[in-house]
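Copied over from TrEMBL, here are the features:
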BINDING   Cys212, Cys294, Cys295  Zn(2+) binding site
DOMAIN    8-309  domain 'Hcy-binding'
Amino acid sequence: MDPPTGPKGILERLDAGEVVIGDGGFVFALEKRGYVKAGPWTPEAAAEYPEAVRQLHREFLRAGSNVMQTFTFYASDDKLENRGNTQRFTGEQINEAACDLAREVADEGDALVAGGVSQTPSYLSCKSEEDVKAIFKKQIDVFVKKNVDFLIAEYFEHVEEAEWAVQVLKTSGKPVAATLCIGPEGDLNGVSPGECAVKLVKAGANIVGINCHFDPETCVKTVKLMKEGVEKAGLKAHYMTQPLGYHTPDCNRQGFIDLPEFPFALEPRILTRWEMQKYARDAYNAGIRYIGGCCGFEPYHIRAVSEELEPERGFLPAGSEKHGKWGTGLELHTKPWVRARARREYWEKLQPASGRPFCPSMSKPDCWGVTKGHAELMQQKEATSKEQLKVLFDKATQNA
C-alpha cells in the first residue's frame, strides 16, 4: 500500500485512529555531530548551520516521521542569554530559521510542522506568571507568522508552567500538544501524572503525554497513568510519548540528568533497534497513537518504530529500502555465522554485552533534591564564576 497523501492535520489523523510517528532528539544528535554545545543545549544551529538541521530533518522523514518538529528547544531569549552563553542570534531569528527548515523538509513528504516551546529559566527563578507567559507569547508569534500546523509545549518538570504554556499556545487557534518530562512519581512538586494530565487538558491541550528524562518503558507507564486520570475525570484527549533512547531503570524523580553518566557517557545505555520495536508495540497497545522519541533517538530508531507499526500504517518508510526487517539483509553476508543471524528469533532473544568487564549494571543517581525556588536554581545572565563552581564541586564530592 502506498503512503497516505494529502495535508491532513494532526487532530484529523489522530481522530481517525492513525498512527503519527514523531522524530527524535535533535539536541543530542546535533551535539554529537558538532553543532550544539552541551550545557546550554540551545539551538543556534538552526540559524548558524542550517544544512545540518535540514539534513537531520530529512533523515527522520526518510525513517518514517510524520512530524517535523521545529528545532526550537530552549530558543527563548532568557535561556539564550543564561549563564554567559554567547548569544549570536536572537530567539526570533532562531525560531524563524527553524520553522523554514522544518517546513521545507515536511513538504518533501507526508509530514506536518510542529512549533515547540519548553520550560524557562525565568520560571525556575520564580518570575511571575505574566513574565513567563510573555516569553511563550514571543515564541508563539513566530510560529503563527510561519503558519506551523500545530504546537507542542514539551519538556516541563512542573505542570504549573506547562499549564501557562498551553494557555498561551491556545491563543493561536492551532491544535496543542503538551508533554511533561516526568515519571510515575509525578512532577517535581509531587503532582501525580493523572492529575497533571487533567490540568493540561483543562488548560486546553488536545494531546497530552511524556517526553524525555526517562526510558520508553517508564514513559509508556507514565502515559498510562495520565490516560487513567483523564478518563476518570470524564475528559477526552489524545496521547503521545517521546522518551529517551536510553535505558534508565535507576533514575529517580529528576530523570537521566541525575545519572552520573549524563550527558557524555550515556552511550552504553542506548536501546537497540529491536528494543525500539518493542517500545513501539507497547505504546500502541497502551492506546498511544503519537509515538516518537527524544534525546538519544537517532533516525534508525524511528525507522524501527515505523517498521514495527507497518501493519497499522500500511506501508514502510523509505529508509527501509536499506534495511531488511529483523535482520534479513544479513542473508547476503559472506560469513555463514552472520547469515545465521538473519532471523527475528535471534535478535529478540539477544542480551547485548557492554564490553566493559567491571561496568555496573546501574548507577547511583545524584539526589540534590532542589527544584523551583531553591537558591541553587536561581538563574543569571553572567557566566558561572569559579567561586560558584567550587561550591558545586565541593557539594558533589560530599554527596558522592
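Every residue, even glycine, has its Cβ placed from backbone N, Cα and C.
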| Nonlocal residues around Cys295 (Zn(2+) binding site), in sequence order (Cβ under 8 Å, 6 or more apart) | Gly25, Val27, Phe28, Cys212, Leu244, Gly245, Tyr246, Phe256
| query | Can you count the other CB atoms that lie within 10 A of the CB of Cys294 (Zn(2+) binding site)? | reply | 29
| So what pLDDT does the domain 'Hcy-binding' (8-309) average out to? | 96
| said: Take the mean position of the Cβ atoms of Cys212, Cys294, Cys295, the recorded Zn(2+) site. Which other residues of that chain put their Cβ within 8 Å of it? | reply: Gly25, Val27, Phe28, Tyr155, Cys181, Asn211, His213, Gln242, Pro243, Leu244, Gly245, Gly293, Gly296, Phe297
